[in-house]
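K.L.:
Just lifted these from TrEMBL, have a look:
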type	residues	note
TRANSMEM	55-75	transmembrane segment
DOMAIN	57-479	domain 'Major facilitator superfamily (MFS) profile'
TRANSMEM	95-115	transmembrane segment
TRANSMEM	122-141	transmembrane segment
TRANSMEM	147-169	transmembrane segment
TRANSMEM	181-200	transmembrane segment
TRANSMEM	212-232	transmembrane segment
TRANSMEM	264-285	transmembrane segment
TRANSMEM	307-330	transmembrane segment
TRANSMEM	342-361	transmembrane segment
TRANSMEM	373-397	transmembrane segment
TRANSMEM	409-431	transmembrane segment
TRANSMEM	451-475	transmembrane segment
Amino acid sequence: MPAQDLEKQGAHVLKVLNMKPIVSSNNSHEELMPHTVDPAEDEGPTLKDVTRREWISIFILCFVNLINYMDRFTLAGILDDVKKEFGIGDSEGGLLQTSFVLSYMVFAPLFGYLGDRYSRRYIMTGGVLLWSLTTLVGSFMDHFPMFIMFRALVGIGEASYSTIAPTIISDLFIKNVRSKMLALFYFAIPVGSGLGYIVGAETSKAFGAWQWALRVTPGLGLLAVLLIFFVLQDPERGQSEDSGHLQAGTLKEDLKALMQNGSFILSSLGFTCVAFVAGALAWWGPTLLTLGMALQNPGSDEKHDDLSFIFGVITIAAGVIGLALGCALSQSLGERWPTADPLICAGGLLVSTPLLVGAMLTCTSNSYLCYALLFLGQVALNLNWAIVADITLYVVLPTRRSTAEGLQMLVSHALGDAGSPYLIGVVSDVLKIKLGNGTPDASTDFHSLQYALFITCFVEVLGGVFFLINAFYIVKDKKKVEKALKVGLSEPNNLMATETEQSRLMTC
């Protein structure tokens with residue numbers, strides 16, 4: 001670049017940033033100081049640098065996420081009892097979860113928009129209070145339409161928390177510490193889900209009524225409300241990346257930028273496939289095991305509650321190992337291969353597919369082999385939870401991360417786990433008629449649900465393809481955000497500069 005052009009461009013930079021030169025210009029082409037990077041600075045902070053206040057905040061976020069997923073899957077552990085209570089079939093049973101997720105996905109973008117602009121602590125306090133109260137009141141409903149309405153209201157409350165919590169983690173931590181904290185946060189998904197099955201099955205057994213299973217998490221939810229309101233730290237947006245000076249743009253600007261972000265779109269589509277599989281498996285897995293074991297051991301006294309407990313233990317163990325393994329692979333491989341994150345997610349889905357197929361096929365013949373394959377399949381499926389969250393945070397600017405989380409939840413739930421429980425239930429009911437010739441029996445019930453669940457295997461492969469394509473975009477989109485943060489711009493279409501101006505600033 002000619003010296004006179006560099007001088008003009010430098011003056012342009014200072015003018016845009018409202019700065020005055022502190023060193024007089026010259027026409028030298030020589031580099032004043034070699035570009036060196038301090039290895040310690042490049043690696044960023046470590047867990048030793050995390051303060052006590054930050055650990056307390058992480059504990060609160062993880063605790064709320066844990067009871068969030070406990071509440072969500074308690075109903076799956078007592079689904080047979082609920083179906084008998086209201087006299088409903090598989091279609092209506094799946095609709096219970098679908099109604100919850102539909103309201104969840106519709107309100108997630110709204111809370112994402114609010115979370116980028118207003119107090120996140122107040123929003124989460126109100127949301128957790130809402131889902132705790134609606135869960136409790138819903139347990140007293142004795143008419144199915146009223147019961148399903150309160151399940152939908154629970155989804156509104158949970159959307160407020162799930163959309164905003166990851167962005168607080170992103171503003172508290174950076175680099176490897178952020179990845180570790182996200183993994184810790186997402187441990188709550190499999191652990192909470194597994195505890196939901198266990199608490200649901202064991203509480204209903206202990207009190208003799210399934211309604212009591214829905215009265216456990218509301219008490220914990222009220223404790224969470226107090227912790228969020230009085231103790232949780234709500235950092236400035238972009239604080240961890242020294243970019244707290246950035247200001248949120250308009251909703252139109254945010255959406256336009258996200259729609260032009262290839263990594264965000266592809267990772268969201270891949271995560272949608274994960275949500276579809278996880279939602280279907282979580283809701284119908286215990287029922288499939290119950291039907292399969294009944295065919296394997298005719299006349300056995302194994303009940304749905306017992307197998308829900310086993311399924312819960314498998315879910316917890318597989319989730320903890322899968323998340324830890326995914327985080328470890330991301331950090332170790334990411335140092336050498338910048339495209340490691342989407343490739344790990346793709347590999348997890350493609351490996352999980354044959355394992356889950358094997359689990360569904362061996363359900364009626366070999367219990368231990370079925371459990372082993374189910375465990376390994378869920379380990380592979382769970383590799384991606386924390387990684388996908390990390391991808392979303394490092395390819396999106398701090399001022400629109402809540403919006404991005406909300407939009408990602410809208411897509412993943414609308415096309416993923418909102419419809420999967422209901423879709424599987426509908427396909428199962430249709431197959432019962434065709435396979436049973438109007439006289440369904442135990443074998444027909446099992447095979448109709450088994451065939452319906454095979455849909456998830458095709459969806460897993462599709463998700464793997466989305467993540468593979470994502471690998472072509474991830475490096476460019478990540479560097480784009482890093483450069484924007486360095487010069488204090490919020491993206492090409494922000495208020496401070498045009499796309500051409502930002503390009504020049506980044507070059508300088």
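The backbone N, Cα and C atoms fix where each Cβ goes, glycine too.
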K.L.:
Is the count of Cβ pairs under 8 Å between the transmembrane segment (147-169) and the transmembrane segment (451-475), pairs 6 or more apart in sequence, 3 or more?
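P.N.:
Not in contact, no.
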K.L.:
Can you give the mean pLDDT for the domain 'Major facilitator superfamily (MFS) profile' (57-479), rounded to a whole number?
P.N.:
85
K.L.:
For the transmembrane segment (95-115) and the transmembrane segment (342-361), check the count of CB pairs under 8 Å (sequence separation 6 or more) and say whether it reaches 3 or more.
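P.N.:
Between the transmembrane segment (95-115) and the transmembrane segment (342-361), contact is absent.
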K.L.:
Ranking 264-285, 307-330, 373-397, 409-431 by the number of C-beta pairs under 8 Å to the transmembrane segment (451-475), which range is first?
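P.N.:
Stretch with maximum Cβ contacts: 264-285.
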K.L.:
Please give the sequence-distant neighbours of the transmembrane segment (212-232): residues at least 6 beyond its ends with Cβ less than 8 Å from one of its Cβ atoms.
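P.N.:
Same-chain residues near the transmembrane segment (212-232) but 6 or more away: 56-57, 60-61, 63-64, 67, 70-71, 74-75, 77-78, 121-122, 124-125, 128-129, 131-133, 135-136, 138-139, 168, 199-201, 203-204, 206.
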K.L.:
What residues in the same chain, six or more past the boundaries of the transmembrane segment (342-361), come closer than 8 Å to it by Cβ-Cβ distance?
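P.N.:
Same-chain contacts beyond the ends: 263, 266-267, 270, 273-274, 277, 281, 288, 322, 326, 329-330, 333, 369-371, 373-374, 376-378, 380-384, 387-388, 391, 450, 453-454, 456-457, 460-461, 463-468, 470-471, 474.
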K.L.:
For the transmembrane segment (264-285), which recorded stretch in the set 307-330, 373-397, 409-431 gives the largest number of Cβ pairs separated by under 8 Å?
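P.N.:
Comparing 307-330, 373-397, 409-431 against the transmembrane segment (264-285), the winner is 409-431.
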K.L.:
Taking residues 6+ outside the transmembrane segment (409-431), which of them lie with a CB under 8 Å of any CB in it?
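P.N.:
Distal contacts: 89-98, 101-102, 104-106, 108-109, 112, 159, 162-163, 268-269, 271-280, 283-284, 447-449, 451-453, 455-456.
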